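> Copied straight from Swiss-Prot:
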type: TRANSMEM; residues: 18-38; note: transmembrane segment
type: TRANSMEM; residues: 55-75; note: transmembrane segment
type: TRANSMEM; residues: 84-104; note: transmembrane segment
type: TRANSMEM; residues: 110-130; note: transmembrane segment
type: TRANSMEM; residues: 147-167; note: transmembrane segment
type: TRANSMEM; residues: 170-190; note: transmembrane segment
type: TRANSMEM; residues: 228-248; note: transmembrane segment
type: TRANSMEM; residues: 260-280; note: transmembrane segment
type: TRANSMEM; residues: 289-309; note: transmembrane segment
type: TRANSMEM; residues: 312-332; note: transmembrane segment
type: TRANSMEM; residues: 349-369; note: transmembrane segment
type: TRANSMEM; residues: 373-393; note: transmembrane segment
Amino acid sequence: MYKLMKNIQTTALNRTTLMFPLALVLFEFAVYIGNDLIQPAMLAITEDFGVSATWAPSSMSFYLLGGASVAWLLGPLSDRLGRKKVLLSGVLFFALCCFLILLTRQIEHFLTLRFLQGIGLSVISAVGYAAIQENFAERDAIKVMALMANISLLAPLLGPVLGAFLIDYVSWHWGFVAIALLALLSWVGLKKQMPSHKVSVTKQPFSYLFDDFKKVFSNRQFLGLTLALPLVGMPLMLWIALSPIILVDELKLTSVQYGLAQFPVFLGLIVGNIVLIKIIDRLALGKTVLIGLPIMLTGTLILILGVVWQAYLIPCLLIGMTLICFGEGISFSVLYRFALMSSEVSKGTVAAAVSMLLMTSFFAMIELVRYLYTQFHLWAFVLSAFAFIALWFTQPRLALKREMQERVAQDLH
């Protein structure tokens, strides 16, 4: 586990080596804004297709399901063929799907293309992130991931505002055109800047793939650390999926007011990532998680207070979500690193396993809470957010403490 990280060859973080992560984050931005730009427009899209607004969250959940569907293949495939080939092919496929969705005329066809576009999430998480972790030393990799998160977070900051513009002034179709062009620009940067070396993996029959996944999923430490990721990320994912319905459909905010309401929420995430970059070298790795999760729990309690005292609902929603996002910002990159390095299996396979658990959990929980929301409205959202963060304080917290203790013991030797 921890000792394995000392055997991985890495490159120093400098202006030259930073160009690859910057090219990758351009694609990450395209993939994320593929959700954050489109999700606010989903009320208009469902109206165009003549279906209920309750279909709106399904655009995001099918996007995430697409991300989970091929992670099992992309990670191991990149172990064999090299990260660069698989990543470049994935970028082109994503751009093609963005163009094809322009031809859809029914919500079912639209969701099918959203599912296929979601494969871009796996390209990022199972291939791109694995390449970052392998190319940089541990703390540098976490800094790069946090820096990438800050740049990609322009997507949820700009997405709602641009989505409001699409709804009010032009067709939603143009959003997909812009996303496709952005992905193609990223492809050019990755082709030029991404290191082309591949990890040395013994060529084995593809049946070994299932043995590798069995090793990964039978690792209790891996499961404990990885299951923390959807728990920590779920409140924000639910907010992104449901906030158009909460703020616009239920609370009657305008599309512009909806866009502006997202700024403090995602600013909290950006500030959290900046704080992580600043303090990570001063603290034991994992300490920021132990700080961040109580902050997130406090945020969920404020959400509940807002539903109890309706006069303060909108301020409580925004303050609570801002605290949740700040806590996630100082926690998530560290948790991801711990999960990825908790197994001896090749990193492409481990990254794929992480991606599958993460995306499948997101899909299932968003669809479940979407249904609960039709029955219980805001209570479904706020109590779900509280439950997910509270669950982290069970087995995932113990797994984190064990990992931190193991690292201390390794450093002493």
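Just so you know, glycine gets a Cβ as well, placed from its N, Cα and C.
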> Honestly, do the transmembrane segment (312-332) and the transmembrane segment (228-248) touch, with at least three Cβ pairs under 8 Å and pairs 6 or more apart in sequence?
yes
> Taking contact to mean 3 or more CB pairs closer than 8 A (sequence separation of 6 or more), are the transmembrane segment (260-280) and the transmembrane segment (147-167) in contact?
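In contact, yes.
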> With the transmembrane segment (55-75) as the reference, find which of 18-38, 147-167, 228-248 contributes the most Cβ pairs under 8 Å.
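Between the stretches 18-38, 147-167, 228-248, 228-248 has the largest tally.
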> Using a Cβ-Cβ cut-off of under 8 Å, list the residues of the same chain that are 6+ residues beyond the ends of the transmembrane segment (170-190) and lie near it.
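Sequence-remote neighbours of the transmembrane segment (170-190) are 19-20, 22-24, 26-27, 29-31, 33-34, 37-38, 41, 44-45, 48, 84, 87-88, 91-92, 94-96, 98-99, 101-102, 120, 162-163.
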> So which residues does the transmembrane segment (110-130) touch in its own chain, when a touch means Cβ under 8 Å and the partner is 6 or more beyond its ends?
24, 27-28, 30-31, 34, 45, 49, 58-59, 62-71, 74-75, 78, 83, 86-87, 90-91, 93-94, 97-98, 100-101, 104, 145, 183, 336, 340, 347-348, 350-352, 354-355, 358-359
